[in-house]
Every structure is written in structure tokens, then in C-alpha cells.
């Protein structure tokens, strides 16, 4: 039955438009013949803010909410620009979208793809997914300052953990693990020190685990997790954690699997009540913008996550396979740098070959 995907596209700043352009080319090539793509571009980002004074208005949110999904490039301007200080774009755009659209799952697959060199001497088979809670923890904005600027200043940042928020995240992790070959969930926290929040997470995992007898479960403190990520990353299958620990884990996970230049992510609302957003993890790199130097691989892998989320797993697998083939060919062939468009061309050729 014919289907149309309504996609909001936010190219953003710096290299964002270049990598998104290639990601869209791959997406159009990957979707099945009975699926059409209807894209609407939005100008949000640092450049838009500097021109208009607006970051993301209520009417912007209402427009974005009408789409099936969002593809984001990268946002952020010149870090030396005082008008952009304090993470104003990241908070006003990315975090605002996350909370407004209840993106309570931050999904970060970590795979050491063929031809990619890990900084680890013997990484083994690296293939795991981090399920990070996305709307609570210390990022919820529950905190404040008293006596600012004095020697008696008090700053608080409260980590918010609700039974509802923890359970829906844990259930997502177990559902995901049950579909994977190794079927294993690792809870990462610091229950020996953060006893109140840690207890809530552990009790929730224990309760949900009882409903999934086919899924193995273990627990690691976050500091031990950091050690195992660099000494034995192949032990992990699905990691579930809170917002702060998940944020830290995912960056190290990207580093051991080739760097953030290859890392894709999904900010997901699994209920479908709002569109989920998919993006490369890397920044806007304004120093190389417009020079065709940026590698669009992470943006293309974000398209794979997008397709899988929209119920097109075969198309998603084809995109990942095409990226894997291109990375392997790069490692075996000419090491000379390729332009952004040339990488897109190569992935599309690989897609066509594996159709």
C-alpha cells in the first residue's frame, strides 16, 4: 500500500547542510518503491537566531509536530561569538525539542564497522546499544542559585527520577534486548552512593526483568562501566542508564568505535505521539563549513535509525550495509580524502549494488 513519509529537515549550521544533503540523497535511494518522501526544510540554528532573534517558537513546534520524523544536521555557530554563549542554541533548540516532544529515549547504537580502526588494541566484537533516559535526571532544570557571586554562593542541580520515567525507559531497553541476538541488559548507575535514585532504577529493572525471562540482566557502577568500555566492550549488548550517566557513556562508546564522526543518534518518542528526531552526534564544525570536507557517514547512519523507527527495517539494514561496504572499501583502497558528495555517491552506489 502506498505510503508517504512527512519529514522535517533541519540542516542547521556549519557542515550541517552538507551532511544532511547527502543523507537525504541516500534516504531517497533507500526507501521502497511504494514509499514517497515529502520533506519540509526549517532554518533553525545559530544562523537563524542571529538573523531573527528567535530560536524555536511555539508556532515552530506546532509545525514540526505535524511531521512523522525530524532529520537534523548540526547546530551551533562560532564558539567565539558572545551572542551564542552559554549554550543558548543547544538549550533553546535541542533541549526544548526533547522536552516538548517527550523524546524520553536517546538511542545510541555502537558498532565497530568493517574498515574502522578503534583506538583500542583488541576491542573484540563491538556491537551494543545505549538506551539513555532523555527527559529527566539533572537535565530537567530543577535547581537554582542563592547568593550568586558571593563567597556563600549555593548552586544546586537536582536529579529528577520518576517511577514513570524510569519504567518506560527500562521497558524500552528490555523490549529492544529481546529482539537482539544476545538478549542482555546492563543497568549502569551508582547505586552505592546515589541510593535513592539508584534504588528506583534497580527495583524497576528487577520488576521488568521478571517479565522477560529470556533476557539476561546485570548491573555495573558507572565507573566500572568506563573501565569495561575500554578493556572489554564486547561484553555489552543493551546498556540502560539515566540521563547524565548515559550522556557520558555514549561519548566514550563513540570514541572506541571510530569517533563521533561516525556516531548516529535518535531522540525517540516510542509512542508516536510526537515526531522523533535523528541526527549525527558531531557538531557543526564551522571551520570547515562549505568546503566539502565533512564526512556525512554519521548523518547517513542516522537515516538508518530513522527508517527503522518508521517501520522500514529492511531499508534501514540496506543503508547500514551500504555504509559498512563503503567503510571497508575506504580501508582497502585509496586513502586520499574524499569530498562530502563523493562519500554520498559511494554509499548510493553500494545501495544500488545491494538492492
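Using the three backbone atoms N, Cα and C, a Cβ is placed for every residue, glycine included.
Look at Swiss-Prot and you will find 98, 108, 132, 223 tagged as substrate binding site. Within 10 Å of the C-beta of residue 98 (substrate binding site) there are 19 other C-beta atoms, taking all protein chains into account.
Around residue 223 (substrate binding site), a 10 Å sphere centred on its CB holds 10 further CB atoms from the protein chains shown. Swiss-Prot lists 223, 247, 251 with the feature Mg(2+) binding site.
For residue 285 (NAD(+) binding site), the count of additional Cβ atoms within 10 Å of its Cβ stands at 19 [all protein chains shown]. Under DSSP, residue 285 (NAD(+) binding site) is assigned to coil, being neither helix nor strand in the three-state scheme. The annotation NAD(+) binding site is assigned in Swiss-Prot to 283, 284, 285, 286, 287, 288, 289, 290, 291, 292, 293, 294, 295.
A sphere of 10 angstroms centred on the C-beta of residue 139 (site 'Important for catalysis') encloses 20 other C-beta atoms. Residue 139 (site 'Important for catalysis') falls within a helix when secondary structure is assigned with DSSP. The site 'Important for catalysis' annotation in Swiss-Prot covers 139 (among others).
For residue 190 (site 'Important for catalysis'), the number of other Cβ atoms no farther than 10 Å from its own Cβ, over all displayed protein chains, is 19. Annotated site 'Important for catalysis' per Swiss-Prot: 190 (among others), in sequence order, evidence recorded as sequence analysis.
The two recorded residues, residue 132 (substrate binding site) and residue 283 (NAD(+) binding site), have Cα atoms 20 Å apart. Rounded to a whole number, the distance between the Cα atoms of residue 251 (Mg(2+) binding site) and residue 108 (substrate binding site) is 10 Å. Within 10 Å of the Cα of residue 190 (site 'Important for catalysis'), the following binding-site residues from the list 98, 223, 247, 285, 287 place their own Cα: 223. The binding-site residues 98, 247, 251 include none with a CA atom within 10 A of the CA of residue 291 (NAD(+) binding site). Residues 98, 108, 132, 223 are the ones the record ties to substrate, and the longest Cα gap between any two of them is 27 Å. According to its DSSP assignment, residue 251 (Mg(2+) binding site) is helical.
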